[in-house]
């Protein structure tokens, strides 16, 4: 199990396959991952866990989208400093996300999980585990 003092990432994504892919990838390198599948659960998780980084999908179920979540995060004094990486299907949404306060916006069709990992590591470095000397 990953220790809690490891950097934490909240993934707000309603696609189960992407959630699983991201979770596996990020936990393997040492991040603590929390998952949320809607705007409401994502905001609640952010308030409950105060993650070090958020990955946010734009298209979410339940009446609110990722832009709504991003606006609420950036208005909250406790959460506004958390870097948010927006992931979208539509290239034209990039400028909107950046204007609202995302640190970056990536288009799903143009990226690989490795691209996302590199972007996260640029904002949230993690050290490689070292063998313990006995």
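Each residue, glycine too, has its Cβ placed from N, Cα and C.
TrEMBL has this to say about the protein:
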DOMAIN    8-123  domain 'Response regulatory'
MOD_RES   57  4-aspartylphosphate
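For the domain 'Response regulatory' (8-123), the mean pLDDT of the prediction comes to 95. Within the domain 'Response regulatory' (8-123), the DSSP-based counts of helix, strand and coil residues read 58 helix, 24 strand, 34 coil.
Long-range C-beta contacts of residue 57 (4-aspartylphosphate), restricted to its own chain and to partners at least six residues apart, with a cutoff below 8 Å, comprise 12, 13, 14, 15, 18, 66, 86, 87, 88.
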